[in-house]
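According to TrEMBL, the protein has these features:
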| type | residues | note |
| --- | --- | --- |
| ACT_SITE | Glu1290 | active site, proton acceptor |
| BINDING | Cys48, Cys53, Cys56, Cys76 | [2Fe-2S] cluster 1 binding site |
| BINDING | Cys116, Cys119, Cys152, Cys154 | [2Fe-2S] cluster 2 binding site |
| BINDING | Leu280, Val281, Val282, Gly283, Asn284, Thr285, Glu286, Val287, Phe360, Asp383, Leu427, Lys445 | FAD binding site |
| BINDING | Gln792, Phe823, Arg937, Ala1104 | Mo-molybdopterin binding site |
| BINDING | Glu827, Arg905, Phe939, Thr1035 | substrate binding site |
| DOMAIN | 10-94 | domain '2Fe-2S ferredoxin-type' |
| DOMAIN | 252-437 | domain 'FAD-binding PCMH-type' |
Amino acid sequence: MLRVESPSAPEPVCYINGKRYALPADRGEATLLQFLRENGLTGTKLGCGEGGCGACTVMLSHYEDGRVVHRSANACLCPLYAVEGMQVVTVEGLGNVRDGLHPVQQRLAVMHGSQCGFCTPGFVMSMYSLLRSCEEAPTEEDIEDALGGNLCRCTGYRPILDAFKTFAKTDPAAYTEEAIAASKGLIPGVCPSSGMPCDCASKAGGGCGSGSTEKAAAGGIAAAVAAAPARPTCEPIFPPELKKRPAFHLAMPGPVVTWHRPATLEQLLELKSVHPDAKLVVGNTEVGIEMKFKNAKYPVIIAPTHVKEMNQITVTETGVEIGAAVTLTRMMKAFKGLIASRPRHEVSAMEAVVNQLRWFAGNQIRNVSALGGNIVTGSPISDLNPLWMAAGATFVALGKDTGERAVRASEFFLGYRFVDLRPHEVLYKVVLPFTRHNEYVKEFKQSPRREDDIAIVNAGMRVKLARGDSEGVWVVEEAAVAFGGVAPRAIMAPSVAAALVGKPWDQETLQAALAAVRQDVVLVENAPGGKVEYRRALAASFVFKFFVHAAITLEVRSSGKEGEKAREGGEPLNLSPLCAAAIGCRYRNLLPQAPATPETVSVVGQPHHHMAAELQVSGEAQYTDDIKMTQDTLVAALVTSTKPHAKITKLDASAALQVPGVVGFYSAKDVPGSNAIGPVWYDEEVFATSEVTAVGQVIGVVVATSEAAARAGARVVEVGYEDLPAVMSIEEAIEAGAFYEDYTGKLECGDVDSAWAQCDHVGGQEHFYLEPNNCVVIPHENDEFTLFSSTQAPAKHQKYVALVLGVPAHKIVSKTKRLGGGFGGKETRGIFIHCAAAVPSYHLKRPVRLCLDRDEDMQMTGQRHAFLATYKVGFTADGRVLAAELDLYNNAGNSHDLSHSIMDRALLHSDCVYKVPNMRVRGHMCRTNQASNTAFRGFGGPQGLMFAEMWIEQIAKTLGKPDVEVRTLNMYKEGDVTHFGQVLEHCRARACWETVLGSSSFTERRDKVAEFNSENRWRKRGIAATPTKFGISFTTKFLNQAGALVHIYLDGTVLVTHGGVEMGQGLHTKMAQVAAQALNVPLSKVFISETSTDKVPNASPTAASASSDMYGAAVLDACRQLSERLAPYRSKLPSGTWKEVVNAAYLDRVDLSAHGFYATPDITGFGGNRPFNYFCFGAAVSEVELDVLTGDMQVLRSDLVMDVGNPINPAIDIGQVEGGFVQGMGWLVLEELMWGDKQHPWVRPGHLFTKGPGTYKIPSVNDIPVDFRVQLLANAPNVRAIHSSKAVGEPPFHLGASVFFALKEAVYAAREAAGIKGFFVLDAPATPERLRLLCSDEVVQPYAHPDIRCAALADGLWLIVLGQEHCNITATCRAGSFPSHGESSSRRNGMPRVCAVANEGLS
């Protein structure tokens, strides 16, 4: 038996922010993130648990080859014991509000780069790690690459890039050694805050740090960046102890996992011999996810990180040998060095590897992931394995007593995650041969999102060419083609290779190779992963691309014109030079004039940064899961349904109660009050009693002394089921007649019947707030409870927890400090979670904490509603709409939730900005077995708006007119009446429209796009303009009320409390500005702490974009009362200070506290002729470029004009416009939900497949427009809201539609080049799959019909009558999760014929 540890082995330690920690025993399964948060370092956040969001980013530093190496890493995946002998730097180690911020933190704060703030520490640490690891200032492209592993749902990324690119090139990196010395006063002339040359120390007041942050914000970016902390910080120095620490065999036994870190190759081989089933782990990026999400058990883990031989990169005469433990970042860096130094013909394979790694995960993953792990995992979609196979690499296995064994990469992968590695062996190294003259290797990858995403299909291809007998003819000597993502393992394509070898490199050979793809790539219709036609077409497209790439490369190198630009079409759409940072996100901010303010103070209308920004960038901002709890706190884990619809036949928790640490199990029988809850209708249960109606429905809750124990207990609760029929989609609901019959919403104007369907889709959307739903329940005496929750509706939590516990509401106090994003998803769907946690707290009289994992949150809490619409539209020959009739269907899910109000708003917005004199719209709520869908930014409005844009676009294409012309013709004017009877006052739709068309040079650019398309066959551009109109108010009238409480203290400070919740939208900042201006005090005097039901009762949810209007008016009302009370004392003390005035009033026994209230006047709610207080208007122009062969795209430029009235805070409003636009773009272009339904038979029935960042893709930093311009409409005061401002949260969301329609224009151009003209249906989201298949060129035609979405055109469903006075189109549109290709057309049985087109299989 192996001796695992010598008596002299050093104590296992790590340093965190300069502090020494002895690593605890028995924690082999623990992650670094768990350890950090257990030790109070809560600035590092848990966003996803799978390394996909970057919220948990930290910097790891270790000593290697005489120098300190710094790298970013995901703490959620990093094993605790993996950091032994390292220094960990978290966001707390950089700076803080009290002592001073680090320049990275400070610049992000003052340049508006933090909204909700949950993702902010991760961005700070990614940027900081980049600066520490760079030997010189990074480029802007380096910065964007470093941020590729970080997600933000709020900002749209532009302000983050703007803040961080101040460190690029011309600026010295923050905290060079000189800067550190300067912070100690050792080097004059260098600013200790920024590390930049500066004479700040000589300035009066102490230098940069003495400036006012408020003045900096008001004075612009330059002043903001210059405003440095007063007490500059110095980051932790690498501990000298760790520099002297020898490599040793670390052995940490434990009850769950025993961790080994051998120091020698011999020790490693001995360990693998003794423990043949042990997992080898370096980055833990695969094993960690399996342990967390699949409950995989790996009792022995071996980390080869300190085995020298496996961490070497050796250059030989014939190639490169890479140790299996070498990280991907280190290999990438080494290959770049070899590419620069070796002869060009030798490095083609290395170039391909480097290019592929650029799009492989994020920096945090590449920094820790080992080459060997990526190979041995045997993933069928590994980005590198097809390259190793095609390039002729050899894998060397090594085992104790058996020596080295070489296996060709092409023969190594035997099956799904099964490789040619014997139990006692380890993968020792990879041998990559140099390429030869006229030998070319190329990489290919297509994924749903370009940055940090797994591949749909990838490939590696190699060809060796030789001169033929004829002049200019080249013949294939060798060929190797490998594909990933088309089989259970990476495969070679022998038929393609055979079609190439011995053949001339010409068009005939290309056609033979393309035909051979169909022999090698064979996928059954229900293949796991779906997208069958697309995956086959991608394989063919990659062959086409490689053929042209090799021909052009050969031509260029043979002619000696190496530096010249390759001709169009030869390369895949190379978008790396088009990164947003490389060209720069241009920020055009035409601020309207702020309203007049007192001479002594200027607050409202100024671009003050978010009041909590400094706390957020330093990690000090506290979210619900960061609250420090007492030692008796219990952790809860939910027991949920695994069936979409079933009777519960058994519920046995006896096994759970035997799990060590478990304290109790609670279900419906334990509810002391009512088990029935629901936001409007009480049609939900806290705990399911006899029947479950969705996967993820709560059946019970286990509480324990630790999260691990609670989850272990929840897993062993035995639930028996008897399956019942399940309905998963709108189509199935229509077929089954499954509706919520109590909803009968309808709007009508004119005479539709006298005035006189096609099918479009718009996908559902996951909220993907970075902070998962979580809550804390704290019991007190006499059945009193304090609730902390990540919710937009604290009052609702108070109400329903009181109901469930059977205690009066006045004993329940519900508090919310801030949210890490909400977007509507935390309005109602967190209530049942809080109620479930409250029940054990009630019985045990102990605090209970419950935090959902990302996958649980996405499965359980609902998404944006899927919608389907049938429509019939009549119009004149010049394109003027005369009549429209629509039926909207939404996927409500398994309960009402807010679906009725969401449908109301969809009906109200189904006109967009277009005047339709005769219109009828009806709504239908479908009852399905999905978790109840819920509010999401726009609340049904975007679905209605999108349908209108779809039929407007179809009219234009039917008539052969420009879309812009038809949109302009039908656009509302001042005084027009909507289809619901509201007169449009101050209608600025045309003002925004004309402004954006002019400022974007739309007409000229449209001509240039046409010119580009005529010159390029395989790349197409599109440009489109779309308007928006969004109504502001809750459509349920009673919700339009708000309260506020304002206290003035004797030191002159002001405390404001209102009923709204801060979730990143800057509500607290705006309210503080309103109070400061109303009281005529500096903003620094005003503070807003939290939202609490014992301060402002019965508050409406923070939703409907109305919070600034309502709570601002309530705050203003309270301040007016206080100002009136203080007015006599200001008159008596004309030269007195504010503090003196306040104290004078106090001494005179004047009340210095006031409650304000506001109710929105003159509104009717849904069904009346004034459901909205006013409308917001906007318009956008977007230009895109599309790779026809793959469907990959880039947004080249977006111009936005938004009507926000006179903004209270223009910087916050611009942030909302940008964030809303990017989120809307994501909905329509990237974000695709996949459920276990008839369209996705490879997913477990009722389960959500896309329930984490690994499968569900929101926009990343690389997806935003390269050129991003935002303009606020000038001179546009709003007479119906506070300070003439307007709401801004939801209205900009629909502007993302401009990207969707620009992409559609690019596809039109591709289809025209293929000889296919006329209108076609593009469902949303416009994923690469849909875009590629609809391009209909000769490469894709063998796999997809030109109208794959709508193959049954001949059914006669369309009525298009041209050349007459009236033209009619009939259509079915959908907004939601829609059928993918391959769906059986037999599903039309029993459905309205007009819906059949929508559901036609894409065969």
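Note: Cβ is positioned from N, Cα and C throughout, glycine not excepted.
TrEMBL does not curate its annotations; it predicts them automatically.
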Protein Cβ atoms within 10 Å of Cys154 ([2Fe-2S] cluster 2 binding site), excluding its own: 28
Mean of the pLDDT scores, which run from 0 to 100, over the domain 'FAD-binding PCMH-type' (252-437): 95
8 Å Cβ shell about Gln792, Phe823, Arg937, Ala1104 centroid, Mo-molybdopterin site members excluded: Gly822, Gly824, Gly825, Glu827, Ala935, Phe936, Phe939, Thr1102, Ala1103, Ser1105, Gly1289, Glu1290
Candidates Cys53, Cys56, Cys116, Cys119, Glu286, Glu827, namely the binding-site residues, that fall within 10 Å of Gln792 (Mo-molybdopterin binding site) by Cα distance: Glu827
Other CB atoms within 10 A, centred on Cys53 ([2Fe-2S] cluster 1 binding site): 30
Sequence-distant neighbours of Val282 (FAD binding site) in its chain (C-beta under 8 A, six or more apart): Ala303, Pro304, Thr305, Ala325, Thr327, Val368, Ser369, Ala370, Gly372, Gly373
Non-site residues, in chain order, whose CB comes within 8 A of the mean position of the CB atoms of Cys48, Cys53, Cys56, Cys76 at [2Fe-2S] cluster 1: Leu33, Lys45, Leu46, Gly47, Gly49, Glu50, Gly51, Gly52, Gly54, Ala55, Asn74, Leu77, Gly122, Arg854, Pro1253
Using Cα positions only, nearest of the recorded positions to Leu280 (FAD binding site) (Cys56, Cys152, Arg905, Arg937, Glu1290): Cys56
Alpha-carbon distance [Phe823 (Mo-molybdopterin binding site); Glu1290 (active site, proton acceptor)] in Å: 9
Binding-site residues listed as Cys48, Cys76, Cys116, Cys119, Cys152, least Cβ neighbours within 10 Å: Cys48
Residue among binding-site residues Cys154, Asn284, Glu286, Phe360, Arg905 with Cα closest to the Cα of Cys56 ([2Fe-2S] cluster 1 binding site): Asn284
Spatial separation of Phe823 (Mo-molybdopterin binding site) from Cys116 ([2Fe-2S] cluster 2 binding site) - C-alpha basis, Å: 11
Residue from Cys76, Cys119, Asn284, Glu286 whose C-alpha is spatially nearest that of Thr1035 (substrate binding site), among the binding-site residues: Cys119
Rounded Cα-Cα span from Ala1104 (Mo-molybdopterin binding site) to Arg905 (substrate binding site), Å: 10
Remaining residues near the recorded substrate site, that is with C-beta within 8 Å of the centroid of the site residues Glu827, Arg905, Phe939, Thr1035: Gly824, Leu898, Ser901, Ile902, Asp904, Ala935, Gly940, Gly941, Phe1034, Ala1103, Ala1104
Inter-residue C-alpha distance, Cys76 ([2Fe-2S] cluster 1 binding site) and Cys154 ([2Fe-2S] cluster 2 binding site) (nearest angstrom): 22
Set of same-chain residues at least 6 away whose C-beta sits under 8 angstroms from Asn284 (FAD binding site): Leu77, Cys78, Pro79, Ala82, Val368
